[in-house]
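Just below is one structure, and these are the notes that go with it.
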Amino acid sequence: MGKKFIKFEFLLLFAVFIIATCGLVYELVAGTLASYLLGDSVKQFSFIIGVYLFSMGIGSFFSKFFNKNLLNTFVEIEILVGLIGGLSSVILFLLFESVGSFQLILYLLVFVTGFLVGLEIPLLMNILKDKVEFKDLVSNVFTFDYIGALLASILFPLILVPKLGIMGTSLFFGMINISIAIVLCFLLKSELKRSYFLKVKAIFSFLLLLTVFIFSENILSYSEGKLYGENIIYTHSTPYQRIVLTHNKSDYRLYLNNNLQFSSADEYRYHEALVHPVMSIAKNVSHVLVLGGGDGLAVREILKYKNVKTVTLVDLDQGMTKLFETNKVLTDLNGNSLNNPKVTVINTDAYIWAKSCKVKFDVAIIDFPDPSNYSLGKLYSLNFYQTVQRILQPDAAVVIQTTSPYFAPKSFWCINKTVMAVFPQVDAYHAYVPSFGEWGFTIAINGFNTTFNTVNRQASGLKFYNYQFDRYNYFTKDMISNEIEINRLDNQILVRYFDEEW
Amino acid sequence: MKNGENYNSSRRSFVKGIAASLLLVPFLQFCTDKIAVLMIRLSGTKHLLGHRLWIKDFPEITSHIQTSYLIVGGGISGLSAARQLTKKGISDFILVELEDHLGGNSSNGENQYSKYPLGAHYLPLPNFQDKELLHFLEEEKIILGYDTKGLPVFDELQLTFAPDERLFYKNSWQEGVVPKEGNTAAEDAELKTFFKQMDFYRSAKGEDGKYLFDIPLALSSADEITRALDQITMKEWFERNNFKSEPLFNYIDYCCKDDFGLGIEYVSAWAGIHYFAGRKQDSSSDKKDSVLTWPEGNARLATHLKKYTKDKVLKNHLVFDLKIENNKVIAKTFDDHKKRTVAIIADKVIMATPQFVNQYIIKDRKEFTKEFHYTPWLLATLVVSDLADNFSFPLSWDNIIYGSKGLGYVYDQHQSVSQLQTKKVITYYYSFSGPDLKKTRKEIYKKKTEYWKQMVFDDLKMAHPDIESVTEEMNVFVLGHGMISPVPGFIFGEAKKQASKNIEKLIYFAHTDLSGISIFEEAFHHGINIVNQILDDTTLDS
């Protein structure tokens with residue numbers, strides 16, 4: 001009797017240990033996921049820990065209403081915790097995009113898990129109270145409880161998340177949780193009532209989690225796909241950005257760090273508007289410089305002019321230019337422009353490169369990402385435009401992607417005003433690109449021997465631009481902003497405007 | 001009932017099992033991580049050679065050099081004197097420096113990713129009245145011209161890039177140095193009152209028509225009422241003005257340590273207020289409290305000045321004895337490379353060396369030198385693979401951790417125009433403020449590298465919990481006599497006056513410690529003024 005009982009107590013204490021480990025893992029998963037999806041990690045973690053502990057307290061309170069079949073209840077709860085905790089991260093991942101009240105579901109799941117874990121300890125103590133001396137019981141239960149917590153909190157950041165990912169971790173621990181229930185079912189079948197029924201439930205739950213675990217990779221890409229709302233055909237992370245290419249009917253879309261770069265359906269509008277005004281206004285177009293624009297779509301437009309001798313493209317990200325030099329879908333899109341013998345691709349920091357550049361260009365096309373942080377903001381500063389001016393021929397023309405004058409008028413006119421402080425002639429224009437909305441550009445001439453309305457040359461076969469510049473440089477009232485400061489490295493005012501506006 | 005022993009042993013082995021698996025965790029981690037070895041180095045000024053001045057066990061003189069002017073010390077004041085001599089058409093001079101490089105507190109180090117400061121690292125925009133300094137900045141293309149209002153246009157690349165400052169306060173980074181978000185209304189009100197008071201002091205003038213607080217310090221008013229401020233500590237001033245709030249106290253404490261090495265409890269109130277009121281913020285219309293900075297710190301300014309000393313410098317040379325003979329000065333100088341002693345015979349000598357050194361070189365100076373106190377400093381430059389924090393405000397040039405023991409850190413690559421840095425280089429500053437600086441200094445020299453490493457990590461951990469695991473390299477630089485400390489009574493005291501007096505119009509003194517505060521502007525003007533004074537004295541005599 002003695003031996004058998006030890007086994008019984010030991011088993012249940014082991015169960016406590018596993019419950020504690022799993023419980024804390026679910027809590028950490030919820031916290032990590034919440035800070036991952038919602039940001040503000042301090043707040044998320046603190047709220048989740050609070051709610052979890054609180055719901056454990058509620059669970060403990062309600063445990064007193066369970067009086068019959070305690071062992072059965074215990075095993076059932078074990079299965080339930082495994083199922084809910086294990087699936088919690090999957091549920092949260094899938095619901096994030098489609099549910100408005102994501103936080104409500106998040107805290108509901110945390111609450112339910114906490115509640116069930118809170119039920120278990122008092123339940124267990126009730127089961128054991130007649131068999132073990134109270135002093136030993138309390139000390140043993142809590143010891144194992146806390147050891148489990150320690151183990152979970154150490155394993156979670158060091159091993160579990162790096163190896164299994166967040167979703168994998170919660171599913172894995174859900175399975176451990178349920179396997180304990182299965183083991184209990186088999187070993188304590190004499191003590192359990194209707195153990196057969198419990199066994200079936202436990203094994204079924206286990207298999208469910210196992211299936212989800214095996215397919216968790218697919219779920220992850222499904223949820224990313226939902227984020228984009230299109231089929232993802234290519235993803236690639238470079239040291240600088242995450243490139244995602246999607247395909248939907250005949251439309252290809254490229255996202256950099258989740259920001260749409262172009263849609264193949266209407267990118268011609270953007271790139272024609274970007275390239276052809278400067279190309280027709282500039283005195284010469286022999287040597288063209290492109291800063292940014294690693295997709296080669298602007299280069300495709302530039303190469304439509306036969307008197308272009310060289311195109312120098314400077315883009316930081318080799319991963320990006322390589323992709324557009326090699327991927328069949330993409331080289332079809334950019335007309336294989338980056339492999340054209342006239343084109344030289346340089347993968348380096350444009351600012352640093354421009355500072356040390358010794359040659360001069362006839363046209364410069366500047367197509368950088370929007371100034372959404374202080375690093376990118378430098379590429380829109382007074383000093384940067386002065387640096388660019390130093391590598392331009394007299395009467396060279398420059399165009400700068402200047403974000404949307406409709407969504408971000410302050411940012412738009414800030415860039416325009418900054419360029420005005422450097423170049424003798426400056427204007428602004430805009431075009432409608434359906435996938436972007438109203439989009440704008442700043443254009444400048446490094447001299448007075450040509451004007452914005454001059455058309456020195458034309459390319460044939462354009463679908464959008466008609467070489468009538470004065471049709472594009474009118475701005476309605478809602479796209480104008482006054483009282484704007486010049487963007488300098490030492491104030492980076494543009495990043496502040498942009499942050500206000502987007 | 002139960003078989004206790006059996007039970008216990010099984011439990012013990014179970015716990016053991018857990019313990020064993022816990023022990024394995026770091027090893028597993030070790031296998032997955034790339035092996036990162038922390039490179040750590042400890043260096044400092046050549047205090048060991050300097051300490052030989054106590055015993056003077058130098059060899060006999062073996063050669064002689066003649067010169068019109070001898071400048072001793074290659075810090076900013078010495079370099080500035082060399083520039084002024086050159087401007088006055090004098091080229092017959094020699095500058096002697098103990099270290100293997102010029103610059104003094106405006107020196108720098110460099111690793112494969114960035115230059116970094118080994119001392120002073122910025123220059124606030126100069127006062128508009130300070131024409132000498134404006135002129136120098138214009139010469140060196142730091143000022144590019146003057147705008148329509150007549151105000152200088154500073155080079156965009158040399159002004160601190162935005163964002164310039166952030167403070168880790170109440171668990172998140174906020175913009176600026178002054179604690180803002182999370183204060184109580186009373187705390188905000190005190191800060192406001194304080195800054196109002198500082199605005200008053202900034203523009204206030206004494207009965208003699210001079211600013212109460214000016215730069216160079218010597219131009220400040222002789223007003224007795226304000227000079228009384230030099231008799232109390234900044235903390236006493238704080239209390240007398242009924243200030244109570246902790247954020248204000250901490251902020252002032254930080255500012256005092258940042259500029260003088262000494263905290264609010266030990267620094268003279270006059271100096272403390274001078275920090276806020278000395279700079280008139282009148283040479284720029286929009287960037288009033290901006291500063292000029294470079295990856296290598298003020299070593300950039302030292303480099304600009306160095307060109308005036310070309311072919312006129314003796315590095316690794318220590319002047320250990322100065323005597324006047326037949327209206328000339330004989331400087332016994334030890335050449336640390338060739339291990340021999342040279343006698344430099346000069347018509348005039350400019351001592352651009354601190355007084356704690358001068359007392360061993362020239363007789364009868366020990367008495368007043370006792371009043372000169374110097375705060376030790378520690379700088380640690382870290383190469384980090386990543387500098388993640390809670391992203392509440394982006395990495396700035398100056399990053400201060402509220403309530404930390406140190407003075408935060410400077411991001412050395414902040415003035416780079418490039419998009420990304422593969423590794424980040426930051427320089428952490430620490431000043432050893434306290435009541436007994438001599439004792440502190442002795443303790444510092446006893447400490448080992450490991451101790452400093454831990455101190456730096458522990459302090460930075462408040463804002464960057466993972467700093468230890470992301471640091472790949474650490475260069476600790478200790479300065480025993482970091483900077484002169486304006487303790488109460490020193491700035492307007494007798495010792496400073498005594499130490500500033502020339503000796504028989506042959507030996508002149510120009511070090512920044514004669515100002516009582518250690519800032520670039522003081523050193524720069526000391527160099528200019530001493531040359532002007534020597535030339536005046538010479539004309540009057542002849």
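Note that Cβ sites are derived from N, Cα and C of the backbone, with glycine treated the same way.
Look at TrEMBL and you will find A:12-38, A:44-62, A:74-96, A:102-125, A:137-160, A:166-188, A:200-216 tagged as transmembrane segment. What TrEMBL records for A:211-446 is domain 'PABS'. The feature S-methyl-5'-thioadenosine binding site is assigned by TrEMBL to A:Q241, A:D315, A:D349, A:A350. Among the features that TrEMBL reports, spermidine binding site is placed at A:H271, A:D295. What TrEMBL records for A:D367 is active site, proton acceptor.
Everything TrEMBL records as a feature, shown here on the structure.
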residue: A:Q241; record: S-methyl-5'-thioadenosine binding site; Cβ neighbours (10 Å): 19
residue: A:H271; record: spermidine binding site; Cβ neighbours (10 Å): 25
residue: A:D295; record: spermidine binding site; Cβ neighbours (10 Å): 26
residue: A:D315; record: S-methyl-5'-thioadenosine binding site; Cβ neighbours (10 Å): 26
residue: A:D349; record: S-methyl-5'-thioadenosine binding site; Cβ neighbours (10 Å): 18
residue: A:A350; record: S-methyl-5'-thioadenosine binding site; Cβ neighbours (10 Å): 25
residue: A:D367; record: active site, proton acceptor; Cβ neighbours (10 Å): 23
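Against the transmembrane segment (A:12-38), stretch A:137-160 shows more Cβ pairs under 8 Å than any other of A:44-62, A:102-125, A:137-160. Mean pLDDT for the domain 'PABS' (A:211-446) in the predicted structure: 91. Proximity of distant same-chain residues to the transmembrane segment (A:200-216), defined by a Cβ-Cβ separation under 8 Å and at least 6 residues beyond the stretch ends, is recorded for 75-76, 79, 82-83, 86-87, 90, 165, 167-168, 171-172, 174-175, 178-179, 181-182, 185. Max Cα-Cα distance over the annotated S-methyl-5'-thioadenosine binders (A:Q241, A:D315, A:D349, A:A350) is 16 Å. Same-chain residues lying 6+ beyond the ends of the transmembrane segment (A:102-125) with a Cβ under 8 Å from its Cβ atoms: 12, 15-16, 19-20, 23, 26-27, 30, 33-34, 37-38, 47-48, 51-60, 62-64, 66, 70, 73-74, 77-78, 80-81, 84-85, 88, 91-92, 95-96, 137-138, 141, 145. Chain B comes within the C-beta cut-off of under 8 angstroms for the following of the recorded positions A:Q241, A:H271, A:D315, A:D349, A:D367: A:D349. Comparing the Cα of A:D349 (S-methyl-5'-thioadenosine binding site) with the Cα of every entry in A:H271, A:D295, A:D367, these being the recorded positions, the smallest distance points to A:D367. Reported as a whole number, the C-alpha separation between A:D315 (S-methyl-5'-thioadenosine binding site) and the residue listed as 'active site, proton acceptor' equals 10 Å. The Cα of A:D295 (spermidine binding site) lies closest to that of A:D367, out of the recorded positions A:Q241, A:A350, A:D367. A strand conformation is recorded for A:D367 (active site, proton acceptor) in the three-state DSSP classification. Put simply, of the recorded positions A:Q241, A:A350, A:D367, the one whose Cα is nearest the Cα of A:H271 (spermidine binding site) is A:D367.
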